[in-house]
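According to Swiss-Prot:
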- 1-135: domain 'uDENN' (DOMAIN)
- 160-294: domain 'cDENN' (DOMAIN)
- 296-349: domain 'dDENN' (DOMAIN)
Amino acid sequence: MATPELMLSLGLIEKDVNADTLWVWCYPSIDADLREVMLRKCCLTLDNQVLHTFVFGQFCRTWYYITTVEVQEPTVLKKVTHFSIVVTAKDFNPEKYAAFSRVLCRTYMKHGSPVKMMEGYIAVLTKGICQSDENGSFLIKDYDVRKALLAGSLKDVVSQFGMETIILYTALMLKKRVVVYHPRIEALLEFTRALPCLVWHRKDWSILHPFVHLENDELENLKVCTGYVAGFVDPEVKDRSDLFDVFVNLPDSEITVSQNAKEAMSMGKLHKEIGNFIVQAAEDADRSDAQVIKDISVKTKEILSNLMSLADHADNSKLTLECLKQGHYPPATENFLFHLAAAEQLLKI
């Protein structure tokens, strides 16, 4: 069960009748750098933009969830046209925080006071529940972390990219940098959140940065990460080869491997075999997304146990290139296993 202490803060951004967008309140606190990033993400600072009702992402190891609404009558908010509720947390669980934020939005629309929102926030922190007759209720134990991790659809990813999904699988297995572009943030969030499922054995969603702007503070934050899945709505990201090993153009269904990653990402018989396996599993109408993820994970564990068995015979259970050569693998397979051993920290340096 997700624990209430995972929430870090609650914030409120308003756009007034003069079209000014400002931070108006937060509890207990949000630092200035994060506030600046949240203003950029909330869509209220942009002119003539479509309203993005819910976005999420990660900055400096903090997850943020932003729900934005247009003020509707009847309301006590006479000078406000739109507002965004910002929740920051330690955990990845978009559905949980979207549901909680909807309750907070209704509360603020009705009362026009952050105090009422703070009461709801504290109730969830202390009791795991926030109840109200007119604004709806929220129960934290309804939102299981595993469900959040499984909510992205790998079957959709495979149906779009087919055999090329093996490029994404290889990149994630080797902890490479994957950049995904789509002009529509909703499509970007839906696609990117599914990719860590390809490496389910790690259950590591900290690699996910689904909504990044081409701004220095965000790019510097990204560059300190070893490998990642980063989503961008700006088409100029395709020219930023310093940011990616693999570039995914979602609208055009194209995947490109950058020049500097081609050696580590070279494909062979093993890749073809895994690629076929992934496609067959995903195309089976009787199999759910969760079953497809499990199938791929079992296949991955087979590969890793083969690596481990080689390492068992080696010095300190660490692999060397010489150990791998004893397996007499084809060059592309040997190359992949060598880079995989490095990614899994099984390599003797």
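Using N, Cα and C of the backbone, Cβ positions are placed for all residues, glycine too.
Within the domain 'dDENN' (296-349), the DSSP-based counts of helix, strand and coil residues read 38 helix, 2 strand, 14 coil. The average pLDDT computed for the domain 'dDENN' (296-349) is 85. Shown for the domain 'cDENN' (160-294): DSSP residue counts in helix, strand and coil, namely 70 helix, 20 strand, 45 coil.
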